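Okay, structure first, notes after.
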Amino acid sequence: MEPAPSAGAELQPPLFANASDAYPSACPSAGANASGPPGARSASSLALAIAITALYSAVCAVGLLGNVLVMFGIVRYTKMKTATNIYIFNLALADALATSTLPFQSAKYLMETWPFGELLCKAVLSIDYYNMFTSIFTLTMMSVDRYIAVCHPVKALDFRTPAKAKLINICIWVLASGVGVPIMVMAVTRPRDGAVVCMLQFPSPSWYWDTVTKICVFLFAFVVPILIITVCYGLMLLRLRSVRLLSGSKEKDRSLRRITRMVLVVVGAFVVCWAPIHIFVIVWTLVDIDRRDPLVVAALHLCIALGYANSSLNPVLYAFLDENFKRCFRQLCRKPCGRPDPSSFSRAREATARERVTACTPSDGPGGGAAA
């Protein structure tokens, strides 16, 4: 049964991070009190706005600082320029852009309007979609990269180079532009209930394109990539169980297994953080639920915040799971304004060289072309 378009149905909601922008009048917590005069605001709405602002502020601070440090460390230290770290740079760039939009969204929640104009509306919404697609595409390529390193070590010598990783990153952004650019075009600001709303305006019939967009994003930004990642790690698990020594060197094997484990943890964190909002939006779209229910509204905002939290979680995971990132973070914090001291970094690296071979100490020379 086709849903009947309501008044103003040509103005449809964005899909994920700004989903609440579409519901300023439908969701009591996101806009004016539905039962009160214009401009009235319930205590629960104000409390939710304050909680969202506090959470977004923390995520923004940790996410921006952490991801900038990750990118700076990879750019600054030659030994960090491995194929895996080039993908991590791409992920950090997408996460940094996403967290940079949080101050604007916090202001929107507090002010109950979008005061920043249509240009920033287009930028914020398109960045959300760029982050969603570039993140999952990059994680998928990282999983394929680990599969090649573990299961096809000879082919890895040619495929797993920083130059090819950079080219793949560019292709990922071009591919994500297939979604990001249309979102930028469709993003508009419109007056509604005495406020300004930043939202997507789909072509007619709007309800149809809105539903198709949500389902396609769910499939191609979540289900299909997760299936590919699952297959890659399933094949890697079989390989790791059947072969005691993958590379002929115990140190290189430790490096392979450790970096593979790190990528798996990062992928797992992404799934945990993004699965709720993907599922919630599909349920919101296909199931008749009470969108004014305070619990439904709170669940929506919690799922959105969880997706953003993933952007600040990744740098923390790198610091805990990879000794080279940990050392680079320490080095950058010790000398934030000066040039890096190669000798101190070399000493720190050599101190653990007998115990581990990491992405910071590639086996094929300073270029790190096919390092783990």
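Sequential numbering from 1, following the chain as shown.
Glycine is treated like the rest: Cβ placed from N, Cα and C.
According to the topological domain annotation in Swiss-Prot, Arg257 and Asp293 sit on opposite sides of the membrane.
Cys121 is paired in Swiss-Prot with Cys198, the candidate among Cys60, Cys171, Cys198 named as its disulfide partner. Record note: of Asn33, Asn310, Swiss-Prot gives the feature N-linked glycosylation site to Asn33, with no matching annotation on the rest. Highlighted: of the candidate stretches 48-75, 86-110, 164-186, 207-238, 48-75 has the greatest count of Cβ pairs under 8 Å to the transmembrane segment (300-321). A contact between the transmembrane segment (207-238) and the transmembrane segment (86-110) is absent, since fewer than 3 of their C-beta pairs, 6 or more residues apart, lie under 8 Å. A C-beta separation below 8 Å, combined with a sequence spacing of at least six in one chain, links Cys333 (S-palmitoyl cysteine) to none of the other residues.
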